[in-house]
Structure formats: C-alpha cells, structure tokens
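These notes are about the structure you will find just below.
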Amino acid sequence: MLQSLAGSSCVRLVEQHRSAWCFALLVLGYLLYLVFGAVVFSSVELPYEDLLRQELGKLKQRFLEDHACLSEQQLEQFLVRVLEASNYGVSVLSNASGNWNWDFTSSLFFASTVLSTTGYGHTVPLSDGGKAFCIIYSVIGIPFTLLFLTAVVQRIIVYVTRRPVLYFHIRWGFSKQVVAIIHAMVLGFVTVSCFFLIPAAIFSVLEDDWNFLESFYFCFISLSTIGLGDYVPGEGYNQKFRELYKIGITCYLLMGLIAMLVVLETFCELHELKKFRKLFYVKKDKEEDQVHIMEHDQLSFSSISDQAASMKDDQKANEPFVNSQSPTSNDSSLNN
C-alpha cells in the first residue's frame with residue numbers, strides 16, 4: 001500500500017514538473033551531442049593534420065638544404081608575412097595575382113556574406129576605416145536583413161504552404177495534418193534538389209578543383225550560414241566571366257537562404273512539431289493568464305465606454321433644431 005502511494009506521488013511529481021525534466025534532458029542531450037561531435041572530428045581529422053605537419057616539415061628541411069645561403073630565420077620571416085597576407089585574401093602566387101578581392105562584384109559578394117551572417121572569412125577588411133565601416137554596416141544591416149527575410153518568407157509561405165494545404169483539405173477532404181506532412185516532405189525534396197543537388201553538379205563543372213561532394217559541401221555550409229570559408233567559388237586562376245559568376249553566386253545564396261527559411265517555417269508549423277516543442281517550454285501560470293484576461297477586459301471596457309461617449313457627443317452635435325441656450329435666457333422667456 002505504501003509502495004503504491006509512493007509510486008503515485010512520484011508520478012504526480014514528475015507530471016507537475018514535466019517541462020523542467022524535459023528541459024534538463026534537452027540540455028543534457030545537447031551537451032552529449034557536442035561531446036560526440038568533438039570526439040568524431042578529433043578522431044577523423046587529427047591523423048590528417050599529423051601527416052600534413054610531417055610533410056611540411058620535410059619540405060621545409062629539403063628547401064633549406066637546397067638553398068644553403070638562406071637561413072631558417074629568414075625563411076620563417078618570409079613565411080609569416082605570406083601567411084598574414086593570405087589571411088587577408090592576398091596571395092603571392094603568380095596564378096592568383098590577377099584576381100582582385102575588392103572590385104565591385106567581390107565587394108558585393110562580401111557584403112552579402114556579411115549581412116547573411118555567412119562570413120566565409122576568405123576576404124576581410126584591411127584598413128582601419130574598412131573595419132570601422134564593417135561594424136557600422138553590420139549593426140544596421142543584419143537586423144535590416146532579418147526584417148527583409150521575415151517579410152519575404154511570410155508572404156511566400158502563404159502561397160507555397162498554407163493555401164495548398166487548405167486547398168487539398170477543403171477541396172478533396174483529406175486530413176489537414178496528413179496533407180501538411182506530405183506537403184512539407186515534398187517541399188523539402190524540391191528545395192534539396194533545386195538548391196543543393198543541381199547547384200552542386202553545376203559547381204563541380206565550373207570549379208576545376210571541386211568534385212560533387214565538395215560542391216555539395218559548399219552549398220550546405222553556405223545555405224546553413226555556417227560559412228567555414230575553405231571552399232569559395234570564383235577564386236580560381238583565370239576564372240571565366242568572374243564578375244558575372246560572382247553576381248550569380250550572390251543571387252543564389254540569397255534565394256537559397258529564403259528557400260531554407262520557407263522550408264523551416266513549413267516544418268515548424270506542423271502540429272506534431274508544435275506539440276513536441278511545447279514539452280521544453282515554460283507553461284504560463286493560470287494567475288498570469290487571469291491577470292492578462294482582466295487587463296484585456298478592462299482595456300476593452302474602457303475603449304467601449306470611450307467610443308460610446310464619443311458617439312453621444314457626435315449625436316448631440318449633429319442633432320438639428322437644437323440651440324444651446326444659456327440658463328438666463330431660459331429664465332427670461334419663462335418670466336415673459
């Protein structure tokens with residue numbers, strides 16, 4: 001008997017604090033996912049890093065042996081300067097000297113990556129004025145971009161998601177939840193095909209050093225706004241139609257970002273996902289809801305009373321044959 005009472009009390013306690021338990025599990029799961037990613041990346045990439053370090057060490061030693069007149073310190077100073085310039089997007093290689101990083105099209109591409117928070121990092125401002133302007137430009141431009149994308153997605157999703165779902169639900173009588181799930185899956189497949197698979201195939205043809213996996217990797221890293229910067233299109237030697245190519249990539253990134261937001265919003269509107277998200281949210285107290293309802297009722301009552309008073313004043317002002325007479329004039333008329 002005592003065990004059953006204890007078990008029922010535990011179940012009741014868990015139900016009362018269900019949101020807190022779910023949130024704690026969410027935090028624990030996220031931390032474990034971070035650790036899992038770190039373990040996998042370390043185990044996969046660390047051997048490649050070790051091999052690269054050994055290869056560079058051998059190349060450096062061989063170069064010093066072939067050029068006995070050059071000291072190791074001089075070589076180190078030269079390499080440090082080259083790496084600093086490379087971090088700013090400037091290369092000393094002869095096959096990269098023809099590409100400018102701050103012409104109009106490259107600057108337009110840079111501005112789009114800054115405002116979309118992609119930030120490849122392959123090109124950064126060199127001057128103090130450019131750095132200061134980048135800060136001011138980003139402070140104003142990033143909220144402006146969020147407002148722009150929100151407005152565009154809000155209008156697109158009406159025609160792409162809500163109206164088609166309602167059409168099949170009302171016209172054909174299908175379940176709204178089932179239609180919404182099927183529609184989200186179809187929309188996701190079309191988006192992946194149009195903004196990942198097809199562009200990856202195009203990039204693998206236009207970029208000489210990219211295969212399909214690397215091109216798909218670039219599309220995903222870009223449209224997810226991760227922007228690692230290890231693959232940037234249009235930076236190859238003697239790239240044909242480089243200016244037009246950069247403008248096309250800028251348009252692709254903007255349209256792809258809008259498509260990704262539309263797909264995410266479509267999935268977020270699914271009833272199952274809404275129900276799942278509520279498990280981790282803090283529930284409003286009943287007292288707070290009652291206070292909000294009372295405040296709303298008071299505001300509604302005051303607005304109604306104000307409207308009624310204003311309507312009475314308007315009626316009095318519009319009534320014909322009514323003259324505003326003073327009390328003295330009324331008394332004089334009565335005396336007469």
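Yeah, the Cβs are placed from backbone N, Cα and C, and that goes for glycine too.
Fair warning: this is a prediction, and the values are worked out from it, not measured in the lab.
Residues or ranges marked as compositional bias 'Polar residues' by TrEMBL: 321-336. Look at TrEMBL and you will find 94-156, 192-268 tagged as domain 'Potassium channel'. Residues annotated as N-linked glycosylation site in TrEMBL: ASN95. Sequence annotations record features per position, and here TrEMBL assigns region 'Disordered' to 306-336. Per TrEMBL, the feature transmembrane segment maps to 21-44, 135-157, 178-203, 215-232, 244-264.
Stretch with the largest number of CB pairs closer than 8 A to the transmembrane segment (244-264), among 21-44, 135-157, 178-203, 215-232: 178-203. Break the domain 'Potassium channel' (94-156) down by DSSP state and the numbers are 44 helix, 0 strand, 19 coil. Per-residue confidence over the domain 'Potassium channel' (192-268) averages out at a pLDDT of 90.
For the domain 'Potassium channel' (192-268), the number of residues in each DSSP class (helix H, G, I; strand E, B; coil) is 54 helix, 0 strand, 23 coil.
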